[in-house]
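Below is one structure; the comments refer to it alone.
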Amino acid sequence: MKRNKQDNEVNNRAIKVLVGSDFVEKKWKDVVVGDIVRVENGQFFPADLVLLSSSEPDALCYIETSNLDGETNLKIRQGLQETTELLTPEAVAGLEGVIKSELPNNSLYTFEGTLRLSHKEVPLDPAQLLLRGAMLRNTRWVYAIVINTKQVDQSRKNGQHPDCLYSPFEQDIIMVNVAQAPYMVFSNFLTFMILYNNLIPLSLIVTMEFVKYFLGTLINSDMDMYHEHSDTPATARTSSLVEELGQVDYIFSDKTGTLTCNVMEYKMCSIAGTGYAETVPDEKKARVIDPDSGKESGHYDFRRLIANLDSNNPAVSPVINEFLTLLAVCHTVIPETTEEEPGKIVYQASSPDEGALVKGAMTLGYTFTTRRPKSVTIRHHERDEEYEVLNICEFNSTRKRMSSLVRTPSGNIKLYIKGADTVIFERLAKEGNKYIEETNAHLEEYASEGLRTLCIAYRDIPEEEYIEWSKIYDKAATQINNRSEALDKAAELIENDLILLGATAIEDKLQDGVPDTIHTLATAGIKLWVLTGDRQETAINIGYSCKLLTEDMSLIVCNEETHFGTKEFLEQKLAAVKSGLEPTESQRSNYQGFISLLPFCKRRFDKVNKDADHDAEPLALIIDGKSLGFALEDDIKFTFLELACICKAVVCCRVSPLQKALVVKLVKKNVYGAVTLAIGDGANDVGMIQAAHVGVGISGMEGLQAARSADFAIAQFRFLRKLLLVHGGWAYSRLSKLILYSFYKNITLYLIQLWFAFDNG
């Protein structure tokens with residue numbers, strides 16, 4: 001009923017649709033493919049649309065997609081040059097043409113199509129796509145044409161039908177009723193047995209639903225799990241799984257935004273092999289370690305960086321200028337000014353990291369001021385510089401980098417690129433890179449302090465090479481099918497022979513209460529696996545900070561480069577661990593068993609810590625994304641799983657969203673009786689959250705998509721402690737007592753009938 005009510009509210013929203021040469025209000029449900037609509041500032045898009053024109057210059061508009069992907073930052077969309085002059089209803093009414101587009105699919109970030117006008121055919125890409133459910137912001141109006149409606153729009157394709165979820169209690173009860181039915185029907189004692197048909201309490205499921213609903217309201221109203229700063233209460237989005245919270249064995253957690261605040265601050269950088277930091281402790285101040293070569297160790301503060309920039313030293317100043325220019329130019333950030341503070345620039349970034357880098361460049365004197373459809377303007381040393389943006393090769397979880405091809409004010413073409421060290425280092429030029437060793441040392445130092453790192457590089461592009469490459473890029477950009485793969489391949493052709501400038505380090509602080517929460521959950525016998533896209537050193541440092549890893553743990557670190565190397569490493573470690581884990585007879589007796597609630601509802605409480613509770617030292621498994629990819633293949637995955645389950649903690653680094661989901665599924669399907677819980681805050685955690693038995697979303701800086709995809713939503717990781725150990729534990733206990741009471745009541749009632757049967761024969 002609630003879902004139907006929400007659907008009716010959405011379907012009956014009003015939107016202006018072109019009829020003849022005027023716009024008339026219609027309901028969303030009456031909009032059809034081919035309609036031209038006028039959407040005004042603050043309105044949601046009623047269907048998937050292709051942008052034609054807007055109130056802004058060059059058919060520019062800004063949209064917010066938090067309802068779709070959870071990202072609250074604004075995104076730019078721009079109509080085609082051929083339709084920018086359609087600024088009146090009469091002009092739009094005269095438009096004639098044909099749109100060819102891909103079939104509706106579940107991808108929010110790709111779109112491939114063409115618009116054929118009378119004189120030519122032009123490509124359509126995601127820059128013109130306005131998805132249903134997104135909101136128009138900071139733009140008075142747009143004209144757009146409908147390409148998908150209702151059940152086939154991309155936002156619906158990206159979702160899943162909300163299945164009815166049943167906990168093990170309900171499944172077991174249903175199975176018993178079903179199993180009894182054939183026996184009762186075909187038994188020779190049919191009449192006699194019918195007298196006992198109420199021995200199995202059929203009303204129990206209904207009673208349980210009422211009790212679970214009430215237990216869900218206790219979660220919703222718990223002030224201990226209310227986050228005052230963001231005005232966010234805990235929410236039970238389903239009451240069907242409330243008792244499973246008290247049975248969780250494994251927690252799979254994202255790091256950024258889940259264990260940390262996801263509020264990034266630009267702290268340190270390495271430029272031309274020299275380290276700089278916002279503040280430098282005495283023990284880390286720069287000092288000469290080799291007088292003959294002048295080699296230095298340690299860091300200078302940012303004041304020294306600015307002094308070196310202004311020194312006109314040909315060995316240092318140009319590199320610093322290039323580095324800071326790259327930070328201010330190579331991004332997709334949108335600058336905004338507020339009416340309250342007209343002179344203050346607010347940056348709308350697609351990720352907190354990108355926003356932190358642009359702000360970092362601003363604090364060092366390179367301010368990003370203006371973004372136009374094909375250029376960006378930065379200000380430094382009291383002068384403005386405009387860079388023409390020729391192409392942007394966007395970041396994704398496979399590429400792990402983003403690059404911009406720009407034409408500088410002097411007319412030269414440059415490729416600016418930033419990304420993970422693993423992908424940047426393998427694309428560096430063999431000659432001309434003098435700072436690799438020093439930069440790598442700084443990267444390891446930053447990561448050991450728990451900072452998030454990126455490598456910064458560039459390349460000068462000859463005009464002839466760019467002309468040839470742009471033909472390949474333009475061809476890829478006009479493909480109808482597999483456009484994103486073609487664009488990635490085109491980017492690969494030019495993202496090579498790079499010159500390393502340095503690296504950046506960004507701090508993301510732990511949330512309050514995370515170490516205590518993890519320690520308490522571990523004491524309760526719950527294992528925590530952290531799945532993160534960060535560097536291994538960063539993840540390990542955060543692991544120690546949040547008490548996931550302890551000093552008495554032995555770390556098993558897997559960084560193998562090949563399939564067979566990974567297999568051999570895991571098999572050797574598993575054999576070594578097993579040889580030290582043979583339990584004594586007294587220990588075996590402690591692990592004998594199962595607590596039987598009912599014959600059909602059994603659970604092994606002590607299974608989780610069976611291996612880890614032996615006298616051997618505690619273990620932690622650290623594995624990187626490449627090795628994990630091999631470890632999840634069929635011939636290795638059970639070895640990996642067995643070793644991981646023996647360890648008290650597991651940290652998977654540099655992992656993709658798909659790998660997160662595969663790890664959860666591996667444990668869920670192959671560890672008998674284990675209940676899994678996944679917790680995350682971003683769109684990249686949705687697959688993992690949906691794969692687990694119980695999904696918990698955090699309402700954080702990356703929006704609400706994770707929270708909306710989850711069974712339960714909380715504002716901070718520390719609330720997980722009460723959610724599991726209090727609400728989950730009590731719900732499990734209360735429902736157990738309810739079941740036992742219901743059976744006890746019915747057995748007591750029908751024993752009288754049984755005694756009477758003995759009496760009358």
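Note: Cβ is positioned from N, Cα and C throughout, glycine not excepted.
Annotation source TrEMBL lists domain 'P-type ATPase A' at 13-73. Marked as Mg(2+) binding site by TrEMBL: D254, T256, D681, D685. According to TrEMBL, the ATP binding site annotation covers D254, K255, T256, E354, F395, K418, R452, T532, G533, D534, R654, K660, N684, D685. Sequence annotations record features per position, and here TrEMBL assigns active site, 4-aspartylphosphate intermediate to D254. Residues or ranges marked as domain 'P-type ATPase C-terminal' by TrEMBL: 707-761.
Annotated features, which come from TrEMBL, shown on the structure.
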| residue | record | Cβ neighbours (10 Å) |
| --- | --- | --- |
| D254 | Mg(2+) binding site | 30 |
| T256 | Mg(2+) binding site | 27 |
| F395 | ATP binding site | 19 |
| R452 | ATP binding site | 24 |
| G533 | ATP binding site | 23 |
| R654 | ATP binding site | 21 |
| D681 | Mg(2+) binding site | 31 |
| N684 | ATP binding site | 22 |
| D685 | Mg(2+) binding site | 31 |
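Considering only the binding-site residues F395, G533, R654, N684, T256 (Mg(2+) binding site) has G533 as its nearest partner by CA-CA distance. Note on proximity: of the binding-site residues D254, D681, D685, the one nearest G533 (ATP binding site) is D254, by Cα distance. Put simply, D685 (Mg(2+) binding site) is 17 Å from F395 (ATP binding site) when counted between their Cα atoms. The helix, strand and coil residue counts that DSSP assigns across the domain 'P-type ATPase C-terminal' (707-761) are 45 helix, 3 strand, 7 coil. R654 (ATP binding site) has D254 as its nearest neighbour among the binding-site residues D254, D681, D685, going by CA to CA distance. D685 (Mg(2+) binding site) sits 19 Å from R452 (ATP binding site), taking the Cα positions as reference. N684 (ATP binding site) sits 9 Å from D254 (Mg(2+) binding site), taking the Cα positions as reference. Taken together, the residues in the domain 'P-type ATPase C-terminal' (707-761) have a mean pLDDT of 88 on the 0 to 100 scale. Reported as a whole number, the C-alpha separation between R452 (ATP binding site) and D681 (Mg(2+) binding site) equals 18 Å. Secondary structure by DSSP for the domain 'P-type ATPase A' (13-73): 10 helix, 30 strand, 21 coil.
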